[in-house]
Amino acid sequence: MIKVGILDSTLREGEQTPGVIFTVDQRVEIAKALSDLGVSMIEAGHPAVSPDIYEGIKRIVKLKKEGIITSEIVGHSRAVKRDIEIAAELEVDRIAIFYGVSDLHLKAKHKATREEALRTIAETISYAKNHGVKVRFTAEDGSRTDFDFLVTVSKTARDAGADRVSIADTVGILYPSKTKELFSALTREVPNLEFDIHAHNDLGLAVANALAAIEGGATIIHATVNGLGERVGIVPLQQIAAAIKYHFGIEVVKLDKLQYVSSLVEKYSGIPMPPNYPITGDYAFLHKAGVHVAGVLNDPRTYEFMPPETFGRTRDYTIDKYTGKHALRDKYEKLGVKISDAEMDQILAKIKSNTTIRFYRDVDLLELAEEVTGRVLKPRPPEQIEALISVKCDSNVYTTSVTRRLSVINGVKEVMEISGDYDILVKVQAKDSNELNQIIESIRATKGVRSTLTSLVLKKM
């Protein structure tokens, strides 16, 4: 039976993305979101690197002690006693000690023999265990390490007190069949030890290698939100979570929360999400070709591996020269506009003859319909109104207390503390404009609220 969980390394590996820096507050917010998502472990950073990382981990550990965060908190460390001491004084749940074990790393980086490396690994793991924490050893460049020596390294780590060993594909050169073979052999040769995979994505094979590692016996997959990390990053959390659900039937995180976490990290990292990114990109459940749209309208399974609602998304399709009658008719029906077959043919002909328009918006379709029919058309009002309310708090109030008050107002669906000109973002839903106004007034009347800004949601992808 397959057993697998996710270690999220957005706060450690993810911050090693060129140009990415998280503030202390952002680190804490991301950690809370990851815990709510349900990841097994959060690699909160390498505290010896800088004071802000140290402070971020300190606050994250405090939230863990208070029960607000439930994931296991991991502190990163070199195989250096001072690093271990710094991580241990923060009272993290686990210290992850890394050391390059390939002959290349031993010679070029550590200037050490294999025997010296084994001694360092054993001594530092034992030292960390003496501080009363769980220990993971990371075999850096493990994928390019002689197998027999990798087995010796793993046994040395286990015997010194590590309960996990992470095999790092540091330069992303593994391929799936080799990965499965490697982990199958390691789990066979080194009993009483669990293995992680830390797969870099240099050849675009990180997700495939992670799945293969699971088949080989790995029980923890290292991932980052949006695939952040050194160079081109590591396993993207949203992709591996979806793949594990599809292929193994295991829900390692709350899939419907992936979109929120992805957007949060996109905002704080400053790395934009490509529209064609799997699962959380704008185009992930957006269909274009007429044949595809017709199939989806008849049975979404024809062109969707899982329903978008699983991931908190909705499906849609574009209208352009590739569009067929099924899509166009469905679009007008959703707009509440009646169009005859003959009129539909004329509208479709106009759309196909104009090759310069990439997307026809709803307003464009209404204008085309009015041009063809000669009628003034009014679209059907939306079944419900969604809005985002930006809230600015008084300077002398605790933002979290205002957040709690807002969360119990009828019609409020989600409340988020944010950075920038406003302090809180509130997602609301109302059946009509009157109800929306009542919700807004309730928000404005909440103690600690200074001002609000309302933005209506026009369309969701």
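Glycine residues also receive a Cβ, built from the backbone N, Cα and C atoms like all the rest.
Summarising the environment of H292 (active site, proton acceptor), the number of other Cβ atoms within 10 Å of its Cβ, over all protein chains shown, is 17. Mapped onto three states, the DSSP output places H292 (active site, proton acceptor) in helix. Swiss-Prot lists H292 with the feature active site, proton acceptor, giving similarity to another entry as the kind of evidence.
Following the DSSP three-state reduction, the secondary structure of H76 (2-oxoglutarate binding site) is strand. Marked as 2-oxoglutarate binding site by Swiss-Prot: R12, H76, R136, T170.
According to DSSP, H200 (Mg(2+) binding site) sits within a strand segment. For H200 (Mg(2+) binding site), the number of other Cβ atoms no farther than 10 Å from its own Cβ, over all displayed protein chains, is 25. According to Swiss-Prot, the feature Mg(2+) binding site maps to E13, H198, H200.
The domain 'Pyruvate carboxyltransferase' annotation in Swiss-Prot covers 4-259, and the record cites sequence analysis as its basis. Per-residue pLDDT, averaged over the domain 'Pyruvate carboxyltransferase' (4-259), rounds to 98.
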Close in space, distant in sequence - T170 (2-oxoglutarate binding site), Cβ under 8 Å, 6 or more apart: G100, E140, D141, G142, S143, R144, H198, H200
Coarse DSSP state, helix versus strand versus coil, of T170 (2-oxoglutarate binding site): coil
Helix, strand or coil at R136 (2-oxoglutarate binding site) [DSSP, three-state]: strand
Cα distance (Å, whole number) from H292 (active site, proton acceptor) to R136 (2-oxoglutarate binding site): 47
Extra residues within 8 Å (Cβ to Cβ centroid of R12, H76, R136, T170), 2-oxoglutarate: S9, E13, E43, H46, A96, F98, T138, S166, A168, H198, H222
